[in-house]
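According to Swiss-Prot, the active site, proton donor/acceptor annotation covers H96, D270. Annotated substrate binding site per Swiss-Prot: R15, K75, in sequence order. According to Swiss-Prot, the feature NAD(+) binding site maps to S134, 178-179, D198, K203, S220, 239-240, 267-270, R279, 298-301. Annotated Mg(2+) binding site per Swiss-Prot: E323, H327, in sequence order, evidence recorded as experimental evidence.
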Amino acid sequence: MRVGIPTETKNNEFRVAITPAGVAELTRRGHEVLIQAGAGEGSAITDADFKAAGAQLVGTADQVWADADLLLKVKEPIAAEYGRLRHGQILFTFLHLAASRACTDALLDSGTTSIAYETVQTADGALPLLAPMSEVAGRLAAQVGAYHLMRTQGGRGVLMGGVPGVEPADVVVIGAGTAGYNAARIANGMGATVTVLDINIDKLRQLDAEFCGRIHTRYSSAYELEGAVKRADLVIGAVLVPGAKAPKLVSNSLVAHMKPGAVLVDIAIDQGGCFEGSRPTTYDHPTFAVHDTLFYCVANMPASVPKTSTYALTNATMPYVLELADHGWRAACRSNPALAKGLSTHEGALLSERVATDLGVPFTEPASVLA
């Protein structure tokens, strides 16, 4: 099979969908690997590195898209790439379709077979391809939140850990999943007072046990959420419903009652965001004001640390890439139910029930295309 990797096109997206180790394994198995020249530069992987591993360097993205049977990306296609989507090609990448009707329509119109990293799900409910980027985004959320709390950045002028005799920042994390856990862990390590809210008592119990009560936990009722947000210097939204739009848990009217200069970091922005006022931003212009607070809603946070993120992501994706390349998408999905959970579109059919519900598009059972 011909496996293609173009350069990422999203704003300040420095990750790449494969490493030289992945290239070497694919070519060892007899597959061709086509990589757009310069695709790895943002992750400090040179063309020479890829070529030495067995890749063929291609001059343009158009050629990669046109020649590849299996196309690997990190982020969803942007509008400039919609014309490259085509029938008969497998696209394996993050998609986040519930938050993008335009991308969904482009995939359906093209007939592309697409598989979303973020909805590949094992029998125990784990999301093995989303997890490493959630770890990175959660850890970054505490860092960027601390940075934007500085008065010079428009924040309250609060130091996360305080100093002797002066109280630390009050950090609230909404969601105790992978991203929320990692955000809370870093914020706690920085010395902040951290409260995590979730509706999953087992996750709260795990946090309480691991951190011996140093991280406060609350069941996420409307009452507890409102009180915590009003007290917070920094709120980190880390809510996830796999494949679906994130619920809007923090209203603009609640934001209006927050402390002036408080910062809100929305990790859930890829899925539409969990704050009412959220809208996607970029690293060029990462923040905007809502009432007297500062919103940070960069949709590709892990892109800022590509030397970490590229390797963390590809460590997780490569076993699935090898299955797709070795057996084709249909056989791979038949033999691996976790991969089948990631099926999103095929020949104009939408195969994700949650995306179909959120966007009001007819749903097709994946089993019907796997038969």
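From the backbone N, Cα and C atoms, a Cβ is placed for every residue, glycine too.
Less than 8 angstroms from the CB of S134 (NAD(+) binding site) sit L127, G177, T178, A179, N182, A238, L240, I267, each of them six or more residues away in the same chain. Of the candidate recorded positions, D198, D270, N300, E323, H327, the one lying closest to K75 (substrate binding site) when CA atoms are compared is N300. Taking a C-beta cut-off of under 8 Å and a sequence gap of six or more, R15 (substrate binding site) has these contacts in its own chain: E8, G42, S43, V74, K75, P302, A303, P306, S309, T310, L313. H96 (active site, proton donor/acceptor) has D270 as its nearest neighbour among the recorded positions V239, D270, R279, E323, H327, going by CA to CA distance. For the pair R279 (NAD(+) binding site) and E323 (Mg(2+) binding site), the C-alpha distance works out to 36 angstrom.
Each residue contributes its Cα atom, and for A268 (NAD(+) binding site) and H327 (Mg(2+) binding site) these two points are 34 Å apart.
Closest in space to V239 (NAD(+) binding site), of the recorded positions given as D270, E323, H327, is D270, taking the CA atom of each residue. Recorded residues D198 (NAD(+) binding site) and D270 (active site, proton donor/acceptor) have their alpha carbons 20 Å apart, per Cα-Cα distance. Counting every protein chain shown, the Cβ of R279 (NAD(+) binding site) has 14 other Cβ atoms within 10 Å. For the binding-site residues listed here (V239, A268), the lowest count of other CB atoms within 10 A around the CB belongs to V239. For the recorded positions D198, D270, E323, the ranking by surrounding Cβ atoms (within 10 Å, all protein chains) places D270 first.
Within 10 Å of the C-beta atom of H96 (active site, proton donor/acceptor) sit 23 other C-beta atoms, taking all shown protein chains into account.
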